[in-house]
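According to TrEMBL, the feature Ca(2+) 1 binding site maps to G17, D79, D80. Per TrEMBL, the feature Ca(2+) 2 binding site maps to D39. The Fe cation binding site annotation in TrEMBL covers H368, H373, H551. Annotated domain 'PLAT' per TrEMBL: 2-118, in sequence order. Annotation comment: TrEMBL describes 118-674 as domain 'Lipoxygenase'. What TrEMBL records for W103 is site 'Essential for stabilizing binding to COTL1'.
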Amino acid sequence: MPSYTVTVATGSQWFAGTDDYVYLSLEGTAGCSERHLLDKPFYNDFERGAVDSYDVTVEEDLGEIQLIKIEKRKYWYQDDWYLKYITVKTPMGDYLEFPCYRWITDEKEIVLRDGRAKLPRDDKTQILKQHRRKELETRQKMYRWKEWHPGFPLSIDAHSHSDLPRDIQFDNEKGIDFILNYSKAMENLYVNRFMHMFQSSWSDFADFEKIFVRISNTISEYVMQHWKEDFMFGYQFLNGCNPVLIRRCTEIPKKLPVTIDMVECSLERNLTLEEEVKQGNIFIVDYELLDGVDANKTDPCTIQYLTAPICLLYKNLESKIVPIAIQLGQQPGPDNPIFLPSDATYDWLLAKIWVRSSDFHIHQTVTHLLRTHLVSEVFSIAMFRQLPAVHPLFKLLVPHMRFTIAINTKAREQLICECGLFDKANATGGGGHVQMVQKAMKDLTYSSLCFPEEIKARGMDSKEDIPYYYYRDDGIKVWEAIKNFAEDVIHIYYESDEVVCEDVELQAFVKDIYVYGMRGVKASGFPKMIRTREKLAEYLTVIIFTTSAQHAAVNFGQYDWCSWIPNAPPTMRCPPPTEKGTVTIEQIVESLPDRGRSCWHLGAVWALSQFQDTELFLGMYPDEHFVEKPVKEAMTKFRKNLDEIVSAITERNKNKKLPYYYLSPDRIPNSVAV
C-alpha cells in the first residue's frame, strides 16, 4: 500500500507546542486519506521547536496531493499550537511543502495548500477555488474595519490586544505593555524618583542632566553639548527623527513679513533675500497644521501651550542649513515678532525651543503615528481580507505586516486613548493629537508616500545643492532596492499587464485600501485599480518601504534626538513670547516640562527606540512562505543589494561625529512593530 512520509515542524515561540490530539488527512486528485492520529496527550510530539516525522499509509494512491487538513482536539485545557510547516514525501519520492506559520487554537482545523504561489487564474479545479474563497470569507469575518475617530483611516475592529485573531497577536503580550515598558525604561534610566514630580520645575539647563544618561560618543550626548547652536538646529531638519518637513522656499509667504534688513547679517553671498530665494538657498518649515489645535487640559494644575511657528532657513557657504528667522504664530502682527539670530541670546534660544517643541508634536502624531503606523495598519487589514495565503502578493507582504495591527491596537488601548500615557507628558494629549490627525489627512496622498516623489515635491532632490541630506540619499537607495525586488517577484507571476488587470484579488486589495484606508477620497491620489506591472511594482514598494524603512527612519532616532529635553520639549508651560528683549533663563526653564513630564517623556522615547528581542530586519525572511527557486533567487539578490547599501553607509559614517544610520538595512525592521 502507498505510504507518505509527513514531517511536521512546530514553532519555537514560548508555548508553541501542544499536548492535544492532532489528526491529519491528505486530499489528492485521486481521493482522500482517512484521518490519521499524529499526536495525543503525553506522546511528547509537537514540542516547542520540534520537527516530527510520521508514515501515513493509504489503501490507494491519492494522486497529486492538493490539500492537507490538520485537526486539533482539546485534551484538558486550551493549548494553542503554532504550526510552521508540513512536508510530504510521496510514494514516488517527490517532496511537497505546505507552509502554515499560524496558530491552531481551541478545537479548530485548518486546511493547507502546497507552497507554490498561485494567482486566481491558476486554480483550475473546483476544490482549490472553493478553498481559496472560503479562506477569504473566514478572514473577512475576523478582520473587520472600524472607525476609531471620525476622519481617521479605518482600523481593526478590536477593543483590546486579546480581541485580535491569535495569528496577529504578539507572542508575549507583556513585551508590548506600554505602561510596563515606560515604567521599566524610567527605572533603567534611573529617573523613576522624578516620575511623579509634576509641577516641579528644574532649576536650570544643567539640572536636566540629572535625568540624562550619558553614553559617551553617542548622538544623544552630542545633542546635549551642541543643542543651542544654529548648525545643530538646522541639521535636525535634514537628518533628525523628523527629516520630512523642510522644503525649498520658492517665495517668502505673505504671513512671514521678513525683510532684507532683518536677515542681511545672516546672508553670506552679498545677495538680496529675493536673490537668495531665486538661487535656491532659502528653505522653510511651516507648522501651520498646529494652528488652532487645542493644548492639553487634562491636568488642571498645569496650563500647557501650543503654537504654530514658521521657520526660515539658509544654506550658508559651507552648504550647512541654519535658521535665519522664526515667527512663532501664523498671523503677523506687533505681538508676533520675527525672532532673529541677531536678537538677544535668550530671545533667539527660546524661539528655537518653541520650533523644536512644535516639530516634536508634528513628528509624533503625523510623521510617525499617521504616516507609518496607521497607514501600515490599513495595508495589513486589506491584505488579510483580500489576499489568500496562496497568493504571491500575500507571501511577499506578510513579513512586512508582522505585529503591526497588534502594536496599534495596544497603542489605542493604553497610549493614545483618552487618559492614556500620551496625555501624561504631551501638550497635544487630551485630544489635540486627534485633531492633528484629522487635519493631516488632507495631505496624506499616494505621491507623498512615494519616497522619490515626496523628496522632489519639497525641492530637496539635488545632492549637489544639498549635500548633507543623508535621509534622502540612503532612502533613495533602499527604495530602489525594494522596487527591484518587487519587480523581480512580479515578473515571476505576472507575465503581462493583462494578468495584473485580471487578478480580482489584487484589485479587491487595492480597492479596500482606497475605500477604507483613504476613506474613498479622490484627492488622496490612491489608485482604485492597478493596470500595469510597472504601477504594481511602485504600489508594492510604497507598502514595503512605508512599513519598514520609513518607520525606521522616523522611529528609532527618538532617544538620540529627543532625550535631551530642551532639544525636544513635549510640552511648554508658558505662552510664547510676544515681544523681544524680555526673555530670561528663568523664563525658559519655567517654560520647559516639569520633572514628572520630563521623566515620562524620557521613558517614552527610550522605549520607542528599542528593537524587539526577536526583530527581523529588512530582507530577513525565516518563514518560508515562498517555496519556488526563482523567488528564493530574487530574495538572495535583494539581500545582496541591501548588504551593499549597509557597507556604503558604514563607510560614509566612519569618523563622523553625527553618523546617520537609521536607514541602514541592518537597522530597518521588516515591519512596524514598536
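Start at 1 and count along the chain as shown; that gives each residue its number.
Each residue, glycine too, has its Cβ placed from N, Cα and C.
TrEMBL entries are annotated by machine, without manual review.
Residues in the domain 'PLAT' (2-118) partition by DSSP class (helix H, G, I; strand E, B; coil) as 0 helix, 62 strand, 55 coil. Each residue contributes its Cα atom, and for W103 (site 'Essential for stabilizing binding to COTL1') and H551 (Fe cation binding site) these two points are 27 Å apart. The Fe cation site is set by H368, H373, H551; from the centre of their CB atoms, other residues of the chain with a CB within 8 Å are T367, L369, R371, T372, S376, Q550, V554, N555, V672. Put simply, D39 is the one of the binding-site residues D39, H368, H373 whose Cα lies nearest to the Cα of D80 (Ca(2+) 1 binding site). Spacing of D79 (Ca(2+) 1 binding site) relative to H368 (Fe cation binding site) is 37 Å (Cα to Cα, whole number).
For the pair D39 (Ca(2+) 2 binding site) and G17 (Ca(2+) 1 binding site), the C-alpha distance works out to 11 angstrom. In the predicted model, the domain 'PLAT' (2-118) shows an average pLDDT of 86. In the structure shown, across all protein chains, D39 is the one of the binding-site residues D39, D80 with the greatest number of other Cβ atoms within 10 Å.
In this view, the densest Cβ surroundings among the binding-site residues H368, H373, H551 belong to H551, judged by other Cβ atoms lying within 10 Å. Around W103 (site 'Essential for stabilizing binding to COTL1'), a 10 Å sphere centred on its CB holds 20 further CB atoms from the protein chains shown. Each of the binding-site residues G17, D79 was scored by the number of other CB atoms within 10 A of its CB, and the lowest score belongs to D79.
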